[in-house]
Amino acid sequence: MKVSYVLVYRRLLLVVFTLLFLLPLPIILGTKEAECAYTLFVVAMFWLTEALPLSVTALLPGLMFPLFGIMPSKEVASAYFKDFHLLLIGVICLATSIEKWNLHKRIALRMVMTVGVNPAWLTLGFMSSTAFLSMWLSNTSTAAMVMPIVEAVAQQIINAEAEVEATQMTYFSGSTNLGLETDESVNGHETNERKEKTKPVAGYRNEAGKISGKMELEKNSGTGNKYRTKKDHMMCKLMCLCIAYSSTIGGLTTITGTSTNLIFAEHFNMRYPDCHCINFGSWFIMSFPAAIIILLLSWIWLQWLFLGFNFKEMFQCDKTGTAKQKACAEVIKQEYQKLGPIRYQEIVTLVLFIVMAVLWFSRDPGFVPGWSALFSQYPGFATDSTVALLVGLLFFLIPAKRLTKTTPTGETVAFDYSPLITWKEFQSFMPWDIAILVGGGFALADGCEESGLSKWIGNKLSPLGSLPVWLIILISSLFVTSLTEVASNPATITLLLPILAPLAEAIHVNPLYILLPSTLCTSFAFLLPVANPPNAIVFSYGHLTVIDMVKAGLGVNVLGVAVVMLGLFVWMVPMFDLHTYPSWAPTIANETLP
C-alpha cells in the first residue's frame, strides 16, 4: 500500500527530494556561482524527469535568481521575451494560414504525384514533401498532417495486393483467365511453375517478376489479422518511420524549422553581438546540404532494413506491382481532387510565404549587399524577426472572404470581411509553452553570466584543450544526441548552450566549431517514441514496436552524426573560417574563481 502511494505522488516526492538534496550546495559554499549552479541543477533535473511541466520549470529562474541576489526581478523578466519570440509569432502566423487553407496538403500531394508511385520512389516522395513542409511548419504539425495520407495509401496498397492475389488464386484453381495467361507468357513463367509457387513462402523480400504465394495471414501479437503478409507489415513500418524522421530532418534546414535552431540563434547572437554570421541565409546554406544527405541516406537505410533495396524492383515492376501502383496513385489522385481547384486564399498564402522566404534570404546574404543596407544608419536593427512580423501582420489584414447578411427585404449585402487568419486561430496554433521554455533558457543563461558560473565552468574545462578539437566535437555531439533521446530537444539545447560556449572560449576554439554540430545533433531524437512528438504520432498508429524504432533510429543517429562531422570539415570550416579564433569571441584568462 505504501509503495502505491509512493508511485502516485512520485513527482511531488522527486521535486522535494531534489530541492533538499542539492540544498547544501548554496548553503555550504555560499558563493554566487554555487547559488546559480543550484538553480541550474534543479532546472536540469526537472527538465530531464519532467517532474513539472517543462514550461513551469522554465519559470524557476524568475523565482530563484532574485531570491539568491543573482539578478533583479525586472532583469530576469526581460529575458523571457526576446527577438526570438517576435520571430516565432511571425512564423506561426504563416503556419496558421497554411494549415487553415489546406495549402500544406496540396503541396504534399502534388510532390508525391510528381515523384511517382513505385513503392521505393513513393517513400522518397513522402519523405521529400514532409521534409519540405517541415522547413516552414512545426515538425509535429507536419507529421500529424501527412500521416493520415500515408496510412490511406498503405491500406490501399494492401487491399490492391489482396485483389490481385485473389485473382491469381482463381486462376490457380483451374478457372480460365486469358488476361492472366497473357501476362504469364510475357513474363516467361509457365503454369506449372506458378502452381509450385502457391506454397506459403517465409520471408518478405520478394524479387521483381515473382508473385508471392503466401496466402496465410500473419499473426502478429497485438495486431491480430491487421496485415495479410509480413511484407505488408514491413511496408507500414517503413512508411511510418519515413514520415517521423523526415519531419525532423527537414526542420534542420532553416532557423525557423525547429525550436532548437531558434534557441541557438538567439542565444548565440545575445552572447556574441559583434558576430553577424548567423542569419536565415547563412544557416540555410550551411545546413541544407547536410539535411539532403541525411535524408537520402536515411531513405536507403530504412528501405534496406524493412523491404530490402532491390534495384530491379525499383526500376522494373511486374504486373502485380503495377496493380498496386495504380491503386496507390488512385488514392493520391482522389485525395488531391478533394481539394478542388486552387483557391484565392491559398494563392495569397503562397505568395506571402515566398515573399517571407525571399526577404529572409536577401536581408544580408553575405556575398552581395542585402536590403538591410538600405538602413545602414541603423546597422543590426532589422533582423529576421522584422521580416516575420511584417509578413505576419499582413495575414490579419488581407481579406479572405466577405461576410454577408440578409436584410429584411431579403437582399444579401456584405457588411465586413474576414482576414486570412483571426487572432483566435493564431492563439490555437501558438506554442506558448515553447515560448516560455525558451525564455527560461535565456534567463538561465543570463544568470550564469551575471553570477560568474559560465566563466568558472570555462576555466575548469580548459584542460580539455589538450585533446584534439575533432575529438572534443565528436564527444559533445554524441553526448547531445544521447541526452536528447530522454529529454526534450528545446530543454537539451537550452541546458547545454551555457556550458558549451564557455568550453569553446576556454580552449580558444571558435565557438561555432562546437556549437553548430551540437545544435544540429540536438534534433537527432530518433530512437524512442517519447523522444519527440513526430515519433509519438507515428507510433500511435500501431504499426511499430519500440524495438523497431530503436533499430532504425540507431542507424539514422549514426548517419546523422557522421554527416554533420563530414559537413563540418568539408564546407562549414571554410564558410565560417572556423580554424581562426574570432575577434568577436572573448578570451578567458586562466584565473581561479572561488
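Note: Cβ is positioned from N, Cα and C throughout, glycine not excepted.
For the transmembrane segment (12-31), the residues of the chain that approach it from at least six positions outside its boundaries are 6, 37-38, 41-42, 45-46, 49, 51-52, 68, 594, judged by C-beta separation under 8 angstroms. Residues annotated as transmembrane segment in TrEMBL: 12-31 (among others).
The annotation transmembrane segment is assigned in TrEMBL to 37-68 (among others).
According to TrEMBL, the transmembrane segment annotation covers 80-98 (among others). Residues 62, 104, 136-138, 141, 255-256, 262-263, 265-266, 269-270, 345, 349, 352-353, 356, 383-385, 387-393, 395-396, 420-421, 425-426, 428-431, 434-436, 438-440, 442-443 of the same chain lie 6 or more positions beyond the ends of the transmembrane segment (80-98) yet place their CB under 8 Å from a CB of it.
Non-local neighbours of the transmembrane segment (118-137) in the same chain are 91, 94-95, 98-99, 104, 107-109, 111-112, 143, 145-146, 150, 153, 157, 235, 238-239, 242-243, 245-251, 253-254, 256-258, 291, 295, 298-299, 302-303, 307, 309, 313-314, 317, 321, 324-325, 328, 353; each lies 6+ residues outside the stretch with a CB under 8 Å from one of its CB atoms. Taken from TrEMBL, the feature transmembrane segment covers 118-137 (among others).
Taken from TrEMBL, the feature transmembrane segment applies to 238-264 (among others).
With a threshold of 8 Å between CB atoms, the same-chain residues lying at least 6 positions outside the transmembrane segment (284-306) that come near it are 120, 123-124, 127-128, 131, 234-235, 237-238, 241-242, 245-246, 249-250, 252-255, 361, 516, 520, 551-552, 555-556, 559-560, 563-564, 567, 571-572, 575-576. What TrEMBL records for 284-306 (among others) is transmembrane segment.
Summarising the annotation, TrEMBL assigns transmembrane segment to 342-361 (among others).
For the transmembrane segment (381-398), same-chain residues at least 6 beyond its ends with a Cβ under 8 Å from one of its own Cβ atoms are 83-84, 86-94, 96-97, 255-256, 279-280, 348-349, 352, 355-356, 359-360, 363, 372, 375, 419-423. The transmembrane segment annotation in TrEMBL covers 381-398 (among others).
Cβ atoms under 8 Å from those of the transmembrane segment (461-480) belong to residues 492-493, 496, 500, 502-503, 506-509, 513-514, 517-518, 521-522, 561, 564-565, 568-569, 588, 590 of the same chain, restricted to positions at least 6 beyond its ends. Marked as transmembrane segment by TrEMBL: 461-480 (among others).
Within its own chain, the transmembrane segment (511-532) has Cβ neighbours under 8 Å at 139, 244-245, 248-249, 251-252, 258, 260-261, 264, 268, 272, 277, 286-287, 290, 469, 472-473, 476-478, 480-481, 484-486, 488-489, 492-493, 496-497, 500-501, 503-505, 539, 544, 546, 549-550, 552-554, 556-557, 560-561, 564-565, 568, 572, 576, 578, 585, counting only residues six or more beyond its boundaries. Marked as transmembrane segment by TrEMBL: 511-532 (among others).
Taken from TrEMBL, the feature transmembrane segment applies to 552-573 (among others). Sequence-remote contacts of a segment are chain residues at least 6 beyond its ends whose Cβ falls under 8 Å from one of its Cβ atoms, and for the transmembrane segment (552-573) they are 241, 245, 286, 289-290, 293-294, 297-298, 301-302, 305-306, 470, 473-474, 477-478, 481, 512-513, 516-517, 520-521, 524, 526-528, 531, 579.
With a threshold of 8 Å between CB atoms, the same-chain residues lying at least 6 positions outside the transmembrane segment (342-361) that come near it are 90, 94, 97-98, 101-103, 106, 136, 279-281, 284, 371, 384, 387-388, 390-391, 394-395, 398, 400-401, 420. For the transmembrane segment (238-264), the residues of the chain that approach it from at least six positions outside its boundaries are 84, 87-88, 91, 123, 126-128, 130-136, 138-140, 142-143, 146-147, 150, 153-154, 278-280, 283-284, 287-288, 290-291, 294-295, 298-299, 302-303, 305-307, 384, 388, 431, 434, 438, 441, 489-490, 492-494, 497, 515, 519-520, 522-526, 532, 534-535, 537-539, 541, 543-544, 548-549, 552-553, 556, judged by C-beta separation under 8 angstroms.
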